[in-house]
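Here TrEMBL flags 10-226 as domain 'Glucosamine/galactosamine-6-phosphate isomerase'. The active site, proton acceptor feature in TrEMBL is assigned to Asp67, His138. Residues or ranges marked as active site, for ring-opening step by TrEMBL: Asp136, Glu143. Look at TrEMBL and you will find Ser146, Arg153, Lys155, Thr156 tagged as site 'Part of the allosteric site'.
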Amino acid sequence: MEVVIVKDAKAGGELIAGAVADLLARKPDALLGVATGSTPLPIYDALIAKVRGGGVDASRARICQLDEYVGLPAGHPESYRATVLRQVVEPLGLPAEQFMGPDGSAADVQAACEAYEEALAAAGGVDLQILGIGTDGHIGFNEPCSSLASRTRIKTLTEQTRIDNARFFGNDIEQVPHHVITQGIGTILDARHLVLLATGEGKAEAVAQTVEGPVASLVPASALQLHPRATVVVDEAAASKLKLAEYFRHAYDNKPEWQGI
Ligand code: GLP
């Protein structure tokens, strides 16, 4: 696992957008997995700016969701489909055919989960998966004690995650669904490159456990330790509980530039 400590969220966004740009230069039709939440927005802003500036051609990029709420009416503005369309797909100027996600409004949720696994495999797998992290260490919506081998499935949110996400639902926790579809940890680990961004002090404990704690389903993000190419990008505040912070800085400062992240 590589840990990169950056000055702030904007610098993290620039760094990761740069990695996406490099990927698209190598593989124009790369499948980019995107996360929702506030944290990855600087990545999307930086990427959109590069595309609009003409430095990056993302016209053949394909985008896929990590997770989705269950039971919101189709088109609900806070569904992750609507969110990713608004924040990533439309600003990049991509047609809806280049975007996929699980169907959170399906009558048969189990079938929707299986269909999404099949669609990801048929698309050739995710090339780069952007991840955020929940305050309880979740990735996607894999709450603590999710199987490290799990595949796309329905999960029940913890109360903490519903409290954390209530801000997207007018601060009314009653509006936050209890159930979600999420790529499993095993599904996420199938991506070729995992890039997790965490910013702010509220994520410091989860980051420390993810990076320096044992691999444990209690901290789902710790499964990144099992991946051959996982990059954790953190700002100073999110890095504040890392025991090896100085080593991570030293390693990154001395890394050959051609390696990227
Ligand atoms: C939700 C999403 C996660 C995201 C997390 C953290 O639970 N399902 O993918 O990482 O929120 O969100 P934020 O970045 O807003 O803290």
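Including glycine, each Cβ sits where the backbone N, Cα and C put it.
Note that this is a predicted model, so its numbers are computed, not measured.
Following the DSSP three-state reduction, the secondary structure of Asp67 (active site, proton acceptor) is strand. Spatially close to His138 (active site, proton acceptor) yet at least six residues away along the chain are Pro144, Ser146, Thr161, Pro220, Ala221, judged by Cβ distances under 8 angstroms.
Each of the recorded sites Ser146, Thr156 was scored by the number of other CB atoms within 10 A of its CB, and the lowest score belongs to Thr156. Of Asp67, Asp136, Glu143, all annotated as active-site residues, the residue with the shortest Cα distance to Lys155 (site 'Part of the allosteric site') is Glu143. Cα of Asp67 (active site, proton acceptor) to Cα of Glu143 (active site, for ring-opening step): a span of 12 Å.
Here Asp136 (active site, for ring-opening step) comes close to Glu143, Pro144, Thr158, Gln160, Thr161, Ala206: these same-chain residues lie at least six apart in sequence, with C-beta atoms under 8 angstroms from its C-beta.
Taking Asp67, Asp136, Ser146, Lys155, Thr156 as the candidate recorded positions, the subset whose CB lies under 6 angstroms from any atom of ligand 1 consists of Asp67.
Of all Cβ atoms in the shown protein chains, 22 besides its own fall within 10 Å of the Cβ of Asp67 (active site, proton acceptor). Close to Arg153 (site 'Part of the allosteric site') in the fold, though at least 6 residues off in sequence, lie Gln110, Cys113, Ile181, Thr182, Gly184, each with a CB less than 8 Å from its CB. Of all Cβ atoms in the protein chains displayed, 21 besides its own lie within 10 Å of the Cβ of Lys155 (site 'Part of the allosteric site'). Around Glu143 (active site, for ring-opening step), taking its Cβ as the centre, 21 other Cβ atoms fall within 10 Å, counting all chains.
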